[in-house]
């Protein structure tokens, strides 16, 4: 047990933040030097935007009547499109989106007039468009556009593609499935593939009679196909007015479980054959979620059914197609015996996210991809609200701070970040903005806005917005207008500072006791990962600030809107011995830098747990980020981390673990990596001893998550007792004597692999091959990179591209190798360069290529590696990953600067701890 009186005041040893920060000129010059390095490598600015024009407005669709006939053996499909169209301006051509499709014939028949056959199809492959030319002018009015076409069921996990699966009998077969967001409906049928060009859809599928056929709407007819007795034609009801990216169809073999929500919507979860039981948890979540959203928005779900389906090969986590939501198997299926607690939580969040889109995105759709964040930021916020409603025991809002809020701040502090509202055009640019800014920063600023407005007015404003724009398109300004009308607050003025400029502020705060009151002096400056902002015109934010005190740590004593660079506020009746903290609940999207006296007063609240968990987390994370930026010393943050010895909260430990992982990766470039592992063992051993290996009576979801986290951290660091017990339990698991609980498998697998040999890896690969559940395969794939032997690392990398690993999971295997060790990082980067053509062809410019690059290179910490990465991608372009590459190179330079700045002092501190360890 650690007592406050056992050591000198921790904050006095810190010399952490003041008196005020180091001389400004020194910091500015340091920051300027970093920025000059970025410029010298050409990393300071994104490449020029590619030329792009949206579709002309002369012709637009009213209704698509679409029939598709996929061939699941030859991997082709035939299509017939009859589109009711409106000619708004006389023209002799129709421009549509079209990619990887061959048009056979096309014609246009004005209403009540003769058919006009197109005389030419001009494909603009770079722009993914086709121009249909006609011999005479199409006059204004309505008519029918007919197109016959053929395409390939590709293996790129986009458009209309094939998904490989194995039947219970062991036979390999293929399903035909879709993934259209953002710009891939054009790979399934010629269309006006922009979110604002909405229409209704009548969809028919011609499929083998023993296959399941699904689309957005319910089946209204199923009849034999006249040309082949083995086929049937399945017709679906007409959809509401909707965008092309939300259209979906699936053809394959599936079982399902079903129920009805309390408001009468038919809910089904489709699973691989024989695994219907694994769909029950998601079914339960979906059946609770639909009524929750209906009540929250006060707008009913507009379709008669909602299907959730698990797809074997799937690039994203899930996709919100209206009425037919597609998922990775690991984001939907839960095995009561073999799924871990984190998987159940993940499924609940993903289901909550995708069903929120049925209103926010599907019923009301962004006008253009600039406003993507309206879809994704909102869904990424309200998924937590939904899960908190369904599973209050998850303490999910604390987890939000670690999973989304801090992740967004990490990215948004870079020079190569982007505003939430970002101008995009070419499809490759659209793919780039599916990132932590659109999702996690979007969610974080909505959370801040919700807190600023209050739940009652927020719900009122949401109802106004959804009602006004249902079946239409909207822009960010439309949402602000509705919320402003509901709340009477200056929403647009406040939020424009958060969505139209990138970055966020660092709030510096000092306090002075004046009789019975506390006077706070606040100032804001842009927070930069490279150090204090050195530009002349520093951006400003309108910052909703909440202030709490130790008198009532869970309630705001004062709420203000900071609308200027500096201001002072007075807290009435605050005693000299009471602490004051900014950002109650870590809700405001900013970082806080306290004067040394204020920080000293807060640290006992970490030790005695009087600070709420989410505030303990936020305080630690702010300090760590200030250290990464060179504003404070990393050593002082390590000292603060030691104050968490009594910490009971899973999410606080998770954030600590993440930050120590970042530091461990940095120090893997030094010769004292083992010393930081000793520090990790010292910090995590007490909580590990308290938890033990086996659940205790009365424990719940968060205890299970914490146990797995702590044992994994100790095992990876080489904690002797943990390693021995992991090996014992692994041996019994492999021999079938005592099967590991699902919550212990990841930490045990990680531990034995990290400290194992070739035989251990062979056993793990055998377990992978035998696993019937994708969750178990993924669990193994994610830890394979922990192996340390160069020969075994190469074996894992080769395995990553084998047929044993699903295409979307190759990324996590290679990324795991890069994150596993210094040698693994070098080997993974070489492997990517050597196999670039295959990898790039596999992912075809989707967001998985960005994730692969990010996971593989951003852990480097040598300046020259930034130049090497940049040079490679200049000669091997990855258009959809340009921003990611810039960000990775920037992070490499930042890591190098951090290492040069703090490595010696960290080493000295760790050595000092060996000779005189802290009394904890």
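Each Cβ is built from the backbone N, Cα and C atoms, and glycine gets one as well.
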Correct range for motif 'Nuclear localization signal' (source Swiss-Prot, candidates 717-721, 722-726, 727-731, 732-736): 727-731
Candidate sharing the Zn(2+) site with 353, 357 (per Swiss-Prot), from 329, 376: 376
Candidate set 165, 439, 465, residue annotated 3'-nitrotyrosine in Swiss-Prot: 465
Substrate binding, same site as 317, 318, 319, 320, 321 - Swiss-Prot member from 171, 181, 477: 181
Inter-residue Cα distance where the pair is residue 353 (Zn(2+) binding site) and residue 321 (substrate binding site), in Å: 12
Count of other CB atoms lying within 10 Å of the CB belonging to residue 353 (Zn(2+) binding site): 27
Taken over the motif 'Nuclear localization signal' (727-731), the model's mean pLDDT: 98
Tally of DSSP helical, extended and coil residues in the motif 'Nuclear localization signal' (727-731): 5 helix, 0 strand, 0 coil
Residues that sit under 8 angstroms from residue 320 (substrate binding site) by C-beta distance, when 6+ apart in the chain: 246, 353, 354, 355, 357, 358, 361, 362, 379
Whole-number Å value of the largest CA-CA distance among 181, 317, 318, 319, 320, 321, listed as substrate-binding: 13
Residue 321 (substrate binding site) CB neighbourhood, other CB atoms within 10 A: 28
Residue 181 (substrate binding site) versus residue 376 (Zn(2+) binding site) - Cα distance in angstrom: 12
Shell list (substrate; ref centroid = CB of 181, 317, 318, 319, 320, 321; cutoff 8 A): 179, 316, 325, 326, 327, 354, 357
